[in-house]
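According to TrEMBL, the protein carries these features:
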REGION    B:1-30  region 'Disordered'
COMPBIAS  B:1-20  compositional bias 'Basic and acidic residues'
TRANSMEM  B:68-87  transmembrane segment
DOMAIN    B:72-294  domain 'Ion transport'
TRANSMEM  B:93-113  transmembrane segment
TRANSMEM  B:134-153  transmembrane segment
TRANSMEM  B:195-218  transmembrane segment
TRANSMEM  B:230-250  transmembrane segment
TRANSMEM  B:262-288  transmembrane segment
TRANSMEM  B:415-433  transmembrane segment
DOMAIN    B:416-662  domain 'Ion transport'
TRANSMEM  B:445-461  transmembrane segment
TRANSMEM  B:473-494  transmembrane segment
TRANSMEM  B:506-522  transmembrane segment
TRANSMEM  B:534-556  transmembrane segment
TRANSMEM  B:634-656  transmembrane segment
Number of protein chains: 2
Amino acid sequence: MSEPEKSENIPDESAGKGKEIPNGGNPAKTKEDFDLAAVYVSDAQYNRNIYFDTSPQAVRLYLLYNHWLSKVLLYFFILLDLSLAIFEEPAVFSLPIWATMLVELLCLLAFTIRLVHYAKVIPRDKFWKDPKNICIIVTLMLTLVDMIIYGALKATNCYGVRWSRVLRPLLLINVTEGRQLRRAFRSIRNALPQIFYVFLLFMFSVLIFSLMALKLLGKRGLKTIDGAPYFTNYLEIVFDLYVLVTTANSPDVMMPAYNASFVFAIFFIVYILINTYIFMSVFLAVVYNNYKKYLKEEVRQLVRAKRHKMARAFAVLQEQREEGGELVVTQANWNQVVRLVRPDISNAHRELLWSVSDDKNQGSIGKVAFVQLADLLNIEVITLKSRPHPLHSLCPAFYLSAPSRLLCRIVQHRAFVIVYDLIILVNAVFIGLDEENPMIANSEWVFLALYLLEILLKLYVFEPRAFFSRHSFWNWFDTIIVISALIATIVNSAMKSSGGYTSRQILDIVFILRVLRLIRVVDSIQRFRAIINTLIRIGPMILTFGQLIIVVYYVFAMLGMELFKGKVKFFEDPNDPAKAYCGNPLLKDTAFAQLNYCKNNFNNVVSSFILLLELTVVNQCSGFATVTHISARIFFVLFHILVVIVIINIFVAFVLEAFFVEYSVDKSDLQTSLERKIEELELAVEQYVTVTTRMFEADLDPEDFAENDDQNGNFANPTFSSV
Amino acid sequence: MSEPEKSENIPDESAGKGKEIPNGGNPAKTKEDFDLAAVYVSDAQYNRNIYFDTSPQAVRLYLLYNHWLSKVLLYFFILLDLSLAIFEEPAVFSLPIWATMLVELLCLLAFTIRLVHYAKVIPRDKFWKDPKNICIIVTLMLTLVDMIIYGALKATNCYGVRWSRVLRPLLLINVTEGRQLRRAFRSIRNALPQIFYVFLLFMFSVLIFSLMALKLLGKRGLKTIDGAPYFTNYLEIVFDLYVLVTTANSPDVMMPAYNASFVFAIFFIVYILINTYIFMSVFLAVVYNNYKKYLKEEVRQLVRAKRHKMARAFAVLQEQREEGGELVVTQANWNQVVRLVRPDISNAHRELLWSVSDDKNQGSIGKVAFVQLADLLNIEVITLKSRPHPLHSLCPAFYLSAPSRLLCRIVQHRAFVIVYDLIILVNAVFIGLDEENPMIANSEWVFLALYLLEILLKLYVFEPRAFFSRHSFWNWFDTIIVISALIATIVNSAMKSSGGYTSRQILDIVFILRVLRLIRVVDSIQRFRAIINTLIRIGPMILTFGQLIIVVYYVFAMLGMELFKGKVKFFEDPNDPAKAYCGNPLLKDTAFAQLNYCKNNFNNVVSSFILLLELTVVNQCSGFATVTHISARIFFVLFHILVVIVIINIFVAFVLEAFFVEYSVDKSDLQTSLERKIEELELAVEQYVTVTTRMFEADLDPEDFAENDDQNGNFANPTFSSV
């Protein structure tokens, strides 16, 4: 429950150990050796944890397994499988059953191939020990069984439920290399026992307050706004007070009692203080504390596994310079491996990395220095600053002339930024004004021209590859937005002048792009930039939470669609009399219908997802209990517990932790030593290490290799357990 | 802005230094010396930071200033002053103006006396340097001026506004020894700049989204549910989207766009993700980070101040045993001082403390050991366990007889607790049933008898003073609840049998007490006890936040009453036609009136407070903008920013920090050494150190005395700056 599961153990040391014996001769390394070492290094760099066979053909299969194309294909099939919900009944776009079934079979086939491929790569006994694989196999089998049953039922015109659809997200968790997603699920699972005890106490408090409310208010003959008796049924009270914690029915639930006497308001105030404020904070504290604790442990194991792999790569490459001397890796061998791992990096960059590792200039490095390589490769070095502008090389006479130099000075001046910030502000006002006015409409061309001019000027002044380097977020953002806006505006005015017809969609895109252009202004304010940069940096991790949310939403959407499909209908036609009660007579005169919530339904997967998002923000579900049964509320309470109390709190904990790290962390030693070297060479360095790794990596002793933990043949592998 | 203000500096070392000179002779200490030392120790123990004159009469005045009676009187007058709002127009209970004026004058007089007393205690130059005192004087003057103006206006029947009422909470902050409240305000003020930048960015995001919404949705001719045009006015959109962040108008604000096309839902989803989830988490992160940072610094200074004071007490008491030897305090002098500081503790307890301080048994202690005294006095030691039961001393033959011993064993057995937990559960079911049934009504007597029996049995088995020790929360809770329930039930049935008439109020109290009795069950579950104990321990700090909230609520209530009094009326009579629109024709057919929110108004201070609490939970204010002006929304947005974004986040940060400390903190060294001593003496120790102090005290070197920081005569006093 608390320990990451230990599978894929017993590292296959034979390949490395075999090379250790020929000490004196130092036989030349074969191509297979370099391939193997490169795979180890690359695994360490990307934190992959797969214990593949070390035979040359297994290594080749393993390379294929990790190839970007096979990963893209896998994600495509998962996406296809998940998006089938759009076409299956209740569908957004209806397709015949045989079509969706066929596509699903194709997906299942693709997952099976992937699994077989994986089984070929790793030793057989390891394959069967891994719960992840068992989980995939069971899911595939169950899906197949369900499809057969459903097909048979449909063929005989019986009613059938595609219950295996709730299993689909399991594939997203287990089939992909979605380590972070699995880690997030594990961290939830680990936090559950503690959350559970607080939850029990919280529910106890809700039950006690409900009992008190029943006794205090039940016999007073109060009426709700609908004229129903107020607080007379215990279970109703429990539910109402639970919803009050989500603040959804505040202050409505309190008004009848408050109207009777203001003394009763005290009851609700105490309730809100204890249950909404204190208990919800305690939930956050428990989730946050567990999150930190387990994440720390997982990251520690990840770092240990990385070092272990680098040590294995070292064992493959090691040589002994003199009899009884230290085992080392020579620069030639090191170069060979780095070239295999990262064919894209320049010679200068590679030499820089070598000079950081071999800081005493001995021509060879020991184990400790070699192990750093995986981290060194993860530090983004931009070697472009020293590179001259292409125009400078092409026609230096022109580029270095006085007017050209003046232009460069102007563009680099602070005033240039300020002028463009003012232009953006003026543009914002123009956007706010009525665009039907021809003067305003034409001004758009002026602004577009100004923005284009800015980008061109910057490209003239700065080296284009530096300008469009991988992490110059704002340059990319600017250019993409301006060019898209240019294209969309041209298309729009072409359509307008040709047929006098304006496509609403294109106009919408033009508007959105225009407004997005304004965001750029935050980049010129130092304080804002710091906050935005942190947000951009935690972006990838937010995507992990996105996946987590999608998994949970998908399961609830599938359940919800089975439970509530067709119960609440939305009518496009405003004159349809059924529109007033969402096509369900049970909803006549309810607040749900009066507030025009008819489109909040489970009639297809898209509206289900939107409804679930609304429920995450504010848990309003009265309508669905009305159209089905009072017990439908259980579905909504479960959803609230899982999403709001657990997942949103983990999300908040994650953002908190990321900001604290931004506030407190210093650069790693490695980065500092790299920067020192770079300063000598006058290069620019940019930081690119994922946040979570940085959070706890500092705790680990650099001399601590995984082998030390390995004496009993058990290597704690943090990524190989499934949900 | 960032540093706590340094006033009351330049410690008056003369008293202490004077004693340092007569080394050889070691003259006997005078009574004044002991008094002075006792005042220093007691100040250190309770973290008081007042630099009083050291002359004997100033010390006597200072003792009077710190006397509990003068503090109670002060709090009484503050409470009286604040509660005047109940009697002033718009009043809950109306009193003539001369009466409230007279009471307010009395309060002002009391505050002036307190201030004069304070001025006598501390040196004059220090008094005028302290912004707290200036603030009090200005507040008193302004209040007086306002009262004169208002009285004159009323006398001539003109319209007057008692604007100085918003200043009243300033007295709560500054007059009292409410150090924690001032610290909380300072921590808010310190966090403001950082919060402000995030807030600007957040508002920028809201403005950009609003502009996009205007462009996308404004021209589509959509209608809200009231038939008003949807998203056509920019400022309206900004406000609506701001309220969406508080989740108050979700999903209503999105429904018209969503009904038009589900694509627009994406806009709202992105908005909610960025502004509700990410920005609100960033606010929490910023507030939390600042809170930790400044609290840490403040507590560090507090601990330093405490050590400084103990060092001064040491300087008063110190002697030199032999020529050139270490300066020490003898056991006799130490005993004398401890007796003065804590006359209530027993000789055994005092000897225990001495044996912890003088662990080498030398008969005297040095400075480092002496300084610990303040903390030692704060550790609650229960010396009662070793004390025999009074019955054991009175009639040992009976108390030690076999049946009596069997009874003791039964009561102490685990099964006894389980049996009573079961009784509580059965009782819960009985409470839930209809109490009009005579069988159920009579069962209440059985349960009361059972609970009384339990308390009596426990008192028979456990030593009564141990049972009712200061921190046996649950024993106190149980006894008070059961005895109150007994009294209330007897009164109730007496009234019933005498006149057949049941007082609703008494019945309510009986019901509440019955239900509260059930809470006891959580104490028998270990996991729950841990959570509850943490909550009880942070209780006093939650009270500080209560004061903080009351200060902010009071100011907003006073403002709100001036702005909105009488605009929305509540009618008790359900047949009054004006009830349907809250007595204001402008509210006809608005959601505000339809939902029967008429009692949510600013017509008196009580309903203002309740309304402000509702606004804290969910910010619904449409009604008030309708009855006055659209700009009334500013009041509500300001309230939301201050209370929800700043104060609630600080509250959450505080609860988080308290729980993390509970999860991680070990006992202090001092406590461990005390416990070791106690084990030898077979006593029980109970932990009672306030949470915040424990949070950071461990960071400080125990040899680090304040004198070291004091070279330039500047002693950073953390408690003497005002808001």
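A Cβ is built for glycine as well, from the same backbone N, Cα and C atoms used for every other residue.
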Tertiary contacts of the transmembrane segment (B:262-288), as residues 6+ beyond its ends and Cβ separation under 8 Å: 191, 194-195, 198-199, 201-202, 205-206, 209, 212-213, 216-217, 241, 244-245, 247, 250, 253-254, 645-646, 649-650, 652-653, 656-657
Stretch in B:134-153, B:230-250, B:415-433, B:445-461, B:634-656 most in contact with the transmembrane segment (B:506-522), if contact is a CB pair under 8 A: B:415-433
Average model confidence [pLDDT] within the domain 'Ion transport' (B:416-662): 84
Surrounding residues of the transmembrane segment (B:445-461) on its own chain - C-beta under 8 Å, 6+ positions past either end: 389, 391, 407-408, 411-412, 420, 423, 427, 430, 467, 475, 478-479, 482, 485-486, 489, 517
Considering the transmembrane segment (B:93-113), which listed stretch of B:68-87, B:134-153, B:230-250, B:415-433, B:473-494 counts the most C-beta pairs under 8 Å: B:68-87
Contact between the transmembrane segment (B:195-218) and the transmembrane segment (B:134-153) (at least 3 Cβ pairs under 8 Å, separation 6+): no
Residues of the parent chain within Cβ reach of the transmembrane segment (B:473-494), under 8 Å, 6 or more residues beyond its termini: 444-445, 448, 451-452, 454-455, 458, 467, 502-503, 506-507, 509-510, 513-514, 516-517, 519-520, 523, 536
Recorded stretch that, among B:68-87, B:134-153, B:230-250, has the most CB pairs under 8 Å to the transmembrane segment (B:634-656): B:230-250
